[in-house]
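As recorded in TrEMBL:
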- B:72-103: transmembrane segment (TRANSMEM)
- B:123-143: transmembrane segment (TRANSMEM)
- B:178-199: transmembrane segment (TRANSMEM)
- B:223-243: domain '4Fe-4S ferredoxin-type' (DOMAIN)
- B:246-277: domain '4Fe-4S ferredoxin-type' (DOMAIN)
Amino acid sequence: MAKGRSIALVVAVAVVAVAAIVWGLAQGEAAVVYSKAARICLECIGIG
Amino acid sequence: MKVRTQRLIQVAAAAVMNGYAVGFAEGKIFTGPSKAVCVPVLNCYSCPGALGACPIGALQAAFGSTGRGVPFYVLGTLLLFGILLGRLACGLLCPFGLIQDLLHRIPSPKLRVPKKIDRPLRWLKYLVLAVMVVGLPLVVAAANGYAPPFFCEFLCPAGTLEAGLPLLALDPRLQAQIGWLFNWKLAVLVAIVVLAVFIHRPFCRYLCPLGGLWGLFNRFSLVQLKWTEATCVHCEKCARACPMVVDPTKTPASAECIRCTTCTSVCPTDSLHLRIHDRGRG
């Protein structure tokens with residue numbers, strides 16, 4: 001893959017990724033991740 | 001990059017991502033705002049020291065509950081890490097990878113898994129990703145409204161080691177609840193630990209769904225392993241040294257390459273480098 005096309009692909013995917021993150025943040029999805037991550041996940045430690 | 005430098009980066013990354021020392025002292029987990037941010041490695045968010053969220057755990061939680069739609073935030077984060085780093089995070093940042101690296105340094109006979117067995121086993125991590133992380137949570141959640149985190153609950157040894165054992169050691173109430181599930185997870189962890197002494201990074205090689213996902217980006221990611229054919233003397237030291245059994249002169253962008261830089265450190269002619277995306281083979 002030529003250098004120009006490779007970099008263009010990386011930039012394009014990165015832009016899509018950042019857009020998805022921003023959209024998700026606007027929908028309050030970070031709070032969903034937080035609510036799972038800020039409590040002890042009993043299933044994850046093999047007790048749930 | 002020298003092995004010592006790699007180790008220093010791995011230790012620093014593990015310490016930074018699990019820097020909540022109070023958690024280890026008191027058996028609590030961190031609840032600050034950084035817990036809403038996914039880290040690029042398999043680092044259990046129930047680890048007492050964890051400052052961020054595990055991306056696989058977050059993805060399962062999102063797929064395992066109905067009514068939330070497409071999890072743009074988690075998917076975007078995975079896409080961003082993947083396109084920037086590929087599997088670099090496995091080689092240089094993952095705490096469970098570091099533990100396996102250290103276990104493999106224990107003096108013992110080292111095994112090379114025969115290709116006939118090794119090749120099909122490497123597909124297991126994609127099966128784990130497709131079935132346990134994505135498929136089952138989506139299907140079960142559609143039927144029941146909620147699905148358990150199948151990978152975390154039944155397979156993830158990092159969760160047992162980083163979260164289960166420390167929390168159980170610190171909280172007698174949790175000890176009272178130990179049952180068959182914990183014993184199963186402990187058996188998985190023990191199996192991985194024992195295997196890691198003889199085979200390099202067995203969990204990363206065969207089972208880690210995040211490693212499988214990052215590997216899909218290796219060919220396109222910003223960070224690439226660059227091989228310079230003109231200076232290569234074809235001594236094959238790099239291929240023999242590679243812990244993931246990749247020949248970097250043939251497939252520098254292999255999905256199995258964890259960008260650990262072992263090959264670059266043994267190359268006598270400096271023909272292998274980690275670089276920002278560049279023209280080259282692969």
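Note that Cβ sites are derived from N, Cα and C of the backbone, with glycine treated the same way.
Within the chain carrying the domain '4Fe-4S ferredoxin-type' (B:223-243), a Cβ under 8 angstroms from the stretch's Cβ atoms is held by residues 84-86, 88, 101, 104, 200-201, 249-250, 252-253, 257-260, 262-264, 266-278, 280-282, all 6 or more beyond its ends. Sequence-distant neighbours of the domain '4Fe-4S ferredoxin-type' (B:246-277) (same chain, 6+ residues past either end, Cβ-Cβ under 8 Å): 1-3, 6, 85-88, 90-92, 97, 122, 201, 204-205, 211-212, 215-216, 218-219, 221-229, 231-239.
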